[in-house]
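A.B. asks: The following block contains the structure, expressed as structure tokens.
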Amino acid sequence: MSSCVGSVGSRCRGSISCADGSEGKARSHSSPLFSTGTLVYEGSRHAHAHRANQTEIPMNPIVVFDLDGTLADTAPDLMATLNTLLAQEGLPTLPVSRAKSLIGAGARALIARGYESAGLELTPERHELLFQEFLTLYRQNICNETQLFPGVVAAMDSLSRSGFTLAVCTNKVESHSRLLLDQLGIIERFAAICGRDTFAFCKPDPRHLTETIAMAKGDARRAVMIGDSHTDIATAQSARIPVIAVPFGYTDQPVETYEPDRVIAHFDLLPEVVAEILSGR
Ligand SMILES: O=C(O)COP(=O)(O)O
Ligand SMILES: [Mg+2]
């Protein structure tokens, strides 16, 4: 039998390619919602194959987390880094409370928005230079005051026990995301960590989410995203993935404005709400 490598794409429409070059369709193998599902390969050349000869690719239900403002309160260290840059130029620094309107679209946007609110417009060259400086500075100070939000670890424990794969889809650069998740002690929990530079596209492009799910080998039909911003909600909505919002992150407007499927005020509620969404309750 040929060995088949799963590259099951977003929403499970992807093909599965085999060592012998043949392609086949992946079909859902009926599975209970919260147990590990499987996809059964039915290669065109092997359609006659006896069931015992079929290659099964496990596809777990998956929860995809945003990082800044969802898993962790990163505002103090992000704003401290921004303020170091502003102070270097003799510009007024900004309070952490401004994080809600500045964070969410990555470090480049944070710098542009920060300088704009300090009354300075950046040329593209200067912007790029400051971005590089920001990356270096932030890397050295990434977890000084940053903390996981209450209940994150217990919620992940519970989801993992129920058979969920976990992944991160963030607009932070991937290396920073990995460094931070490592310093927070939770990096091992994620089957995929995809930052704004992991693919050629990033949130709100829905492919950032669907490709994260594919990379984690999660089942896109049993996937839920959790995020704190309009960007996360819009991304999930365009990917047709249900989305839960947290109200304690970085957004100007209340998250309800963007019509997520649910809003949870504490991570203790996450496992239950994910279960409700996936069972259509
Ligand atoms: O760093 C940012 O601005 C955004 O990051 P997030 O996508 O994890 O919220
Ligand atoms: Mg966020």
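Here the Cβ of each residue, glycine as well, is placed from N, Cα and C on the backbone.
Under the heading Mg(2+) binding site, TrEMBL lists ASP66, ASP68, ASP228. Per TrEMBL, active site, nucleophile is recorded for ASP66.
A description of the local structural setting of each listed feature is requested, covering burial, neighbours and distances.
C.D. replies: Counting every protein chain shown, the Cβ of ASP66 (Mg(2+) binding site) has 30 other Cβ atoms within 10 Å.
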A.B. asks: Using the Cβ centroid of ASP66, ASP68, ASP228 as the reference point for the Mg(2+) site, which residues of the same chain not in that list have Cβ within 8 Å?
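C.D. replies: Going along the sequence, the neighbours come out as LEU67, GLY69, THR70, LEU71, ILE103, GLY104, THR170, GLY227, SER229, ASP232, VAL246, GLY249, TYR250.
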A.B. asks: Report, as a single number, how many Cβ atoms besides its own are within 10 Å of the Cβ of ASP68 (Mg(2+) binding site).
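C.D. replies: Summing over all protein chains shown, ASP68 (Mg(2+) binding site) has 27 other Cβ atoms within 10 Å.
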A.B. asks: Count the Cβ atoms, other than its own, that fall within 10 Å of the Cβ of ASP228 (Mg(2+) binding site), considering every protein chain shown.
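C.D. replies: A count of 25.
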A.B. asks: Quick one: what's DSSP say for ASP68 (Mg(2+) binding site), helix, strand or coil?
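C.D. replies: Looking at the DSSP assignment, ASP68 (Mg(2+) binding site) belongs to a strand.
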